Amino acid sequence: MISDRIKISVLAAMGGIIAVPASADFDAEAFPPYERCALCHGLFGESANAKFPHLGGQKAGYISAQINAFLNGRRHNDGGQMVNIVSELKPDEIPEVVEWFSSQDAPKPSGEGSATGAALYEQSGCDSCHGRTATFPDAPHLTAQHAGYLTKQMRDFRDGRRVSGMADIPHGRLMPEVDDAIADIAAYLSSVARQ
Ligand code: HEC
Ligand code: HEC
């Protein structure tokens, strides 16, 4: 026979187990803030669609700078999707999402890439800021990013739809004028494993 006291404690334990997920289901606060980013960017920062950049393993200072740029309206080349989402983050949740995505694994490289793209990237001096050993503070990793996303960003910089908020550099003027050259660089970068 199970004593009443044991029965009560078993029921209490079951109640506790049942109560935790039930309250989590109804309490948005119980979800970590980065889950709100998962729909587009992937929970671990590896997105399924080239419209949404991979965030996994990106530099913390860069992610943070972009969130602030969306918040203060300096970056608006995303069709306005990000401003509403980041406005809903509480100030203390921003470092939490930055820490989460920057500490995930880098995305896996994809596609073939071409020697033309590699040569153009090299000749344009991009690596002096974006390379593994570059010292430019928080210039983003470009390797293993979606080619489609990189292509759009380079064209946006070139055509003035995106300006660099992180440094007073004529970034747009560094971009190739020809769309095919931009696509070649993007395909090359996307195919390179991040080191
Ligand atoms: C509904 C889709 C959607 C959701 C949800 C979303 N984002 Fe985004 N995010 C975008 C789009 C679209 C872009 C920019 C694409 C462009 O510039 O062409 C973007 C860009 C970014 C960038 C810039 C990355 C880079 O390489 O420059 C960061 C950082 C970012 N999002 C963080 C977040 C965080 C943090 C969350 C959750 C709090 C979030 N996003 C939720 C759609 C989304
Ligand atoms: C002087 C340093 C410097 C040089 C040179 C440079 N960049 Fe950048 N790049 C940056 C910085 C800083 C950012 C972040 C801009 C911002 O504030 O949004 C950036 C952002 C980018 C992004 C956006 C990445 C993302 O995740 O949204 C792309 C793409 C890019 N650069 C490509 C290039 C290419 C291609 C070249 C060569 C043609 C190049 N850059 C040369 C400093 C540099």
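Glycine residues also receive a Cβ, built from the backbone N, Cα and C atoms like all the rest.
Annotated signal peptide per TrEMBL: 1-24, in sequence order.
Across the domain 'Cytochrome c' (22-105), DSSP helix (H, G, I), strand (E, B) and coil residues number 46 helix, 0 strand, 38 coil. Per TrEMBL, the feature domain 'Cytochrome c' maps to 22-105 (among others).
The heme c 1 binding site feature in TrEMBL is assigned to Cys37, Cys40, His41, Met82. Here His41 (heme c 1 binding site) comes close to Ser47, Phe52, Pro53, His54, Leu55, Phe101: these same-chain residues lie at least six apart in sequence, with C-beta atoms under 8 angstroms from its C-beta.
Taken from TrEMBL, the feature domain 'Cytochrome c' covers 112-193 (among others).
Here TrEMBL flags Cys126, Cys129, His130, Met166 as heme c 2 binding site. When secondary structure is read from DSSP and collapsed to three states, Met166 (heme c 2 binding site) falls in the coil class.
Cys126 (heme c 2 binding site) has its Cα within 10 Å of the Cα of none of the binding-site residues Cys37, Cys40, Met82. Listed in sequence order, the binding-site residues among Cys40, Cys126, Cys129, His130, Met166 whose CB lies under 6 angstroms from an atom of ligand 1 come out as Cys40.
In terms of DSSP helix, strand and coil, the domain 'Cytochrome c' (112-193) has 42 helix, 0 strand, 40 coil. Taking a Cβ distance under 6 Å to any atom of ligand 2 as the criterion, the binding-site residues Cys40, His41, Cys126, Cys129, Met166 reduce to Cys126, Cys129, Met166.
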